[in-house]
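*Asks:* Submitted below is the structure of interest, expressed as structure tokens.
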Amino acid sequence: MKTLFFFLTIAVLVSSCTSNIMTKSILEGKTQFSIPSLSSTIDPAYEHIGHFPDDMKIIFCQQCAFHCIEKKKNIPHCENSICRCTLENIL
């Protein structure tokens, strides 16, 4: 009986530690991203942004599409910095 209790206690501890380690590694994987280096061809007026306005629209639309896909919705259009997802689900 003591052996069974000891084994179950060890199993719970190992499971808990494994869960914590996996959660930390998943969070670290999500926060790691590459930051594009600033090019010397960027207009100094846009240097604080790091992208041209057209690039910002593309990035916004990519983030909008990702957001809609996470919600399992379609993206009908992406204009004027407004992100709208459709009401119907992706098939």
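We count from 1, first residue shown onward.
Every residue, even glycine, has its Cβ placed from backbone N, Cα and C.
Per Swiss-Prot, the feature disulfide bond maps to C61-C78, C64-C83, C68-C85. According to Swiss-Prot, the signal peptide annotation covers 1-19, on the basis of sequence analysis.
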*Asks:* Nearest of the disulfide-bonded residues to C61 (disulfide bond) by CA-CA distance, picking from C68, C83, C85?
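*Replies:* Minimum Cα distance from C61 (disulfide bond) across C68, C83, C85 lands on C83.
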*Asks:* Minimum Cβ neighbour count within 10 Å among the disulfide-bonded residues C61, C68: which residue?
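*Replies:* Counting other Cβ atoms within 10 Å of each of the disulfide-bonded residues C61, C68, the minimum falls on C61.
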*Asks:* Using DSSP reduced to three states, classify C78 (disulfide bond) as helix, strand or coil.
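*Replies:* For C78 (disulfide bond) - judged by DSSP and reduced to three states - the answer is strand.
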*Asks:* Measuring Cα to Cα, how many Å separate C68 (disulfide bond) from C78 (disulfide bond)?
*Replies:* 11
*Asks:* Across all protein chains in the structure, which of the disulfide-bonded residues C83, C85 has the highest Cβ count within 10 Å?
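*Replies:* That would be C85, with the most Cβ atoms nearby.
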